[in-house]
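A.B. asks: Quick one: this structure, given as structure tokens, is what I'll be asking you about.
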């Protein structure tokens, strides 16, 4: 979808706020569809008629779980076998409607459902409007049109409920991105992607919560340890802080991903444990800095999957191909949470200890200024040379290998 020009999320929010519709596109590996979408409280008979005439799909009303409970709207089926887990409830009509199917009466049902004080007795079941339950956490938990509708309405400062309708071509086939680009031009609509909405939310909202702190004497020096909880995933991360890091001056920072095998068990397959030790020594030496210990084991795939990847590496694969063979990208880590922790710590400018350019761009993309990349290169050994070579050759890590003349592909990880 990169070759197409999409609107910004800010533009979409403004149109939603003003009662307009926008087209929202999901991932091409998901439904690969576009929906007309607007805020439920802004719905009019004209809008419903437009959806029915020019979108041609099923008109639905995404809502929060809390609102659905207030209206006593239970799930349509107990065992949801839909591959995308679309959470339909029983359909409804307002008790003030006749047949409930006209554009006027469908608009009435929607606006009545989002009114403050609306009660279950105000609606008859079944009906012609199909409420959908949005997941808590919105598009950050499920990248669907249901969640996008609630998120966009919320971001626009409106009631967290939307109205959506899938867009079909005139011949009845589903409209894909090339069709949708022509569609928005004809109807003068904005078009955005759920992927961009996810990125927007990650950059503009905070999902971490400080849970506690204490002093932590270590063999590397004295630190303050601060615990954080990721409210979306429930994962717990920690920051080890040395000295005053809030005075606006650039701070020496290491964002370190958890590696049980390297950090705790002393594995020679990687350089993680040595990098952790070197970073803490360097921060302590400078007297000012922080190390973030992020619970993103195995570049985000988790400990068990990392062990499975090790087995594939034992059989000749490198670390990248092993991840791909297990169905994962080469790197699943989310640097946004680390950036949010840095903001909570009062850090604005960073001297980042890393060999990974993607980590630099990943953190700077969240509003943290990276003033310097500080190398943290560890001397390799026979057990991890192939792994480190792979990081350099295939993942773009900046490694010098001063002791080694050439890349010997015959060297495998232990």
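Using N, Cα and C of the backbone, Cβ positions are placed for all residues, glycine too.
From Swiss-Prot, for reference:
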type	residues	note
ACT_SITE	333	active site, nucleophile
BINDING	31	Mg(2+) 1 binding site
BINDING	259, 270, 272	Zn(2+) binding site
REGION	1-203	region 'DHBP synthase'
SITE	128	site 'Essential for DHBP synthase activity'
SITE	166	site 'Essential for DHBP synthase activity'
A.B. asks: According to DSSP, which of helix, strand or coil covers residue 259 (Zn(2+) binding site)?
C.D. replies: coil
A.B. asks: On a C-alpha basis, identify the one among 259, 272, 333 that is nearest to residue 128 (site 'Essential for DHBP synthase activity'); the candidates are the recorded positions.
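C.D. replies: In terms of Cα distance, residue 128 (site 'Essential for DHBP synthase activity') lies closest to 333.
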A.B. asks: Within 10 angstroms of the C-beta of residue 333 (active site, nucleophile), what count of other C-beta atoms is obtained when all protein chains are considered?
C.D. replies: 20
A.B. asks: Fill in the CA-CA distance, residue 272 (Zn(2+) binding site) to residue 333 (active site, nucleophile), as an integer in Å.
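C.D. replies: Residue 272 (Zn(2+) binding site) to residue 333 (active site, nucleophile), Cα-Cα distance: 15 Å.
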A.B. asks: If you compare CA-to-CA distances from residue 333 (active site, nucleophile) to each of the recorded positions 166, 259, 270, which comes out shortest?
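C.D. replies: Out of the listed candidates, the nearest Cα belongs to 259.
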A.B. asks: Can you give me the residues near the recorded Zn(2+) site, meaning same chain, not 259, 270, 272 themselves, Cβ no more than 8 Å from the center of the site's Cβ atoms?
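C.D. replies: Other same-chain residues near the Zn(2+) site: 261, 262, 263, 267, 269, 271, 273, 275.
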A.B. asks: Can you tell me the CA-to-CA distance separating residue 166 (site 'Essential for DHBP synthase activity') and residue 270 (Zn(2+) binding site), as a whole number of Å?
C.D. replies: 48
A.B. asks: For the binding-site residues 259, 272, work out the Cβ neighbour count at 10 Å and name the residue with the minimum.
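C.D. replies: Candidates: the binding-site residues 259, 272. Fewest Cβ atoms within 10 Å: 272.
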A.B. asks: What average pLDDT does the predicted model assign to the region 'DHBP synthase' (1-203)?
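C.D. replies: It averages 94.
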